[in-house]
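Chemist: Okay, so TrEMBL annotates it like this:
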COMPBIAS  42-70  compositional bias 'Acidic residues'
COMPBIAS  100-111  compositional bias 'Acidic residues'
COMPBIAS  393-402  compositional bias 'Basic and acidic residues'
REGION    1-79  region 'Disordered'
REGION    92-114  region 'Disordered'
REGION    393-414  region 'Disordered'
REPEAT    154-195  repeat 'WD'
REPEAT    215-256  repeat 'WD'
REPEAT    257-298  repeat 'WD'
REPEAT    357-371  repeat 'WD'
Amino acid sequence: MKNKKRGGGSAPKGPKKGKAFSLDDDPFFGTESKKRRKVQLDEIESESDADVGSDGEGGGEEAEEEEMEAVVETADEKRNRLAHEFLENTRELLRRAKEDEDDDSGEEDVKEGEMDSLVGKMLQQQQLEDSGRARRAIASRVKKPEPTDEFRILVKHRQPVTAVALSEVDLRGFSASKDGAILHWDVDSGKSEKYLWPSDAVLKSHGVKDPQGRAKKHSKHVLALAVSSDGRYLASGGLDRHVHLWDTRTREHILAFPGHRGPVSCLTFRQGSSELFSGSYDRTVKIWNVEDRAYINTLFGHQGEVLSIDCLRKERVLTVGHDRSMQLFKVPEESRLVFRAPASSLECCCFISNDEFLSGSDDGSVELWDMLRKKPVCIAKNAHPLLAAQKNAEPKDGDRIPNGHIENGNHTSESYDCSSTNSWVSSVAVCSGSDLAASGAGNGSVRLWAIKSESKVIQPLHNIPLVGFVNSLAFEKSGQFLVAGVGKEPRLGRWGHNPAARNGIAIYSLKLSSEDTNTP
């Protein structure tokens, strides 16, 4: 009986009778943040202290500190304010565009509800394009090049160009060559500025380790470049086995990430984040965080040198290597998908969308991949044939084989030679969120492709003349121009040489028809 009484006495008591309990009285359900409630309590305490007769100077300092604390925003309040500012700016842009269109008609301004619906549609379409679920039809709008249309040299390098990267923020580009020169140039004017390597003492203070093996000093030979989505950071990698981080605003060296046991052959940033992925000859892929200046993880799986890498917004990394495989690493799930190439070594790769990929091989083929199949869904063979008379061989309608392979050009031994190193597909690129792609080799031309996702094929569009080894390609985000890094030698070796080529950055302006002529 005593235990029951004790147990009954320890039961929680409810609210007293006669008093209505409201959720507003509970501070947990209050609308104000903890910081603001704390500021108000501090103000009340300071006022009471002032009434009691505290020191005047101390009270003034406390009041200033309280005002400064009251100005501080919480993380939620900052996100809310930035979202409202972004929406207001978007509304203003749409309002100005609408006013320009309706200026001659003299119609009244658009109502606020209609403007909000236009903003919502625009943001939804932009999100679909960024995520890869909606694809822009650009390939059908590309006009056939005139005989006078060709690449023009924008920036010159002393040695063959090995990497090209374009900034998404503004019309700036970055390029690197075998002599270690890293240039920062403007697309419109072509003016370039050089990144200066710091002294060995500064590099050591930034994290560079002593050279390994027989090497007595670090090589400045650069093989890869990558620029962050906000255009603030530039990453470079090469034969010195380090990933170097640069500030694009000051063109100064920030930090060096050691850890790779082989040359760093490829780099890429995850879109919209500060995560950096690096591939190396040591068969690994490493993950870094440039904001925190920290190493995150290492991805294993390749049995040969990692040659090319790409990444979109998702934490998925696409790589190809000398082991005749292309691998898709799912970082959060800690898993990977392995895709086997039917031919010899894959040389380059890039994302089309989250579920489709494009690759180039050293046998002259361009492959289209789907995440649901372990083998290519379409292969365009002899994509860059080395013609005897340097004439472009256009494919015919009857050159398609039922298994999805496409044979380009005339199949006679006198017409082309795809066993040459000049026909190796050394670079591929896809215009972001579109159906337009490009591939480059050393046969004297860059080929444009149309990606047909419904029929799972890639169709050749046009050939654009460009003498030399096309070691890197990059599309402008809206598809206005294509940038190519060209040289007298291939990117990863010296097994080919073209004395007629010029080392530098070549740019080609794409001529697009109006959008209302799109084909579905």
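A Cβ is built for glycine as well, from the same backbone N, Cα and C atoms used for every other residue.
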Chemist: In the repeat 'WD' (154-195), how many residues does DSSP call helix, how many strand, and how many coil?
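Modeler: Its residues divide into 0 helix, 24 strand, 18 coil.
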Chemist: Using DSSP, what is the helix/strand/coil residue split across the repeat 'WD' (357-371)?
Modeler: 0 helix, 10 strand, 5 coil
Chemist: Could you break down the residues of the repeat 'WD' (215-256) into DSSP helix, strand and coil, giving a count for each?
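Modeler: Helix, strand and coil residues of the repeat 'WD' (215-256) number 0 helix, 22 strand, 20 coil.
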Chemist: Based on DSSP, tally up the residues of the repeat 'WD' (257-298) by helix, strand and coil.
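Modeler: The repeat 'WD' (257-298) comes out at 0 helix, 23 strand, 19 coil.
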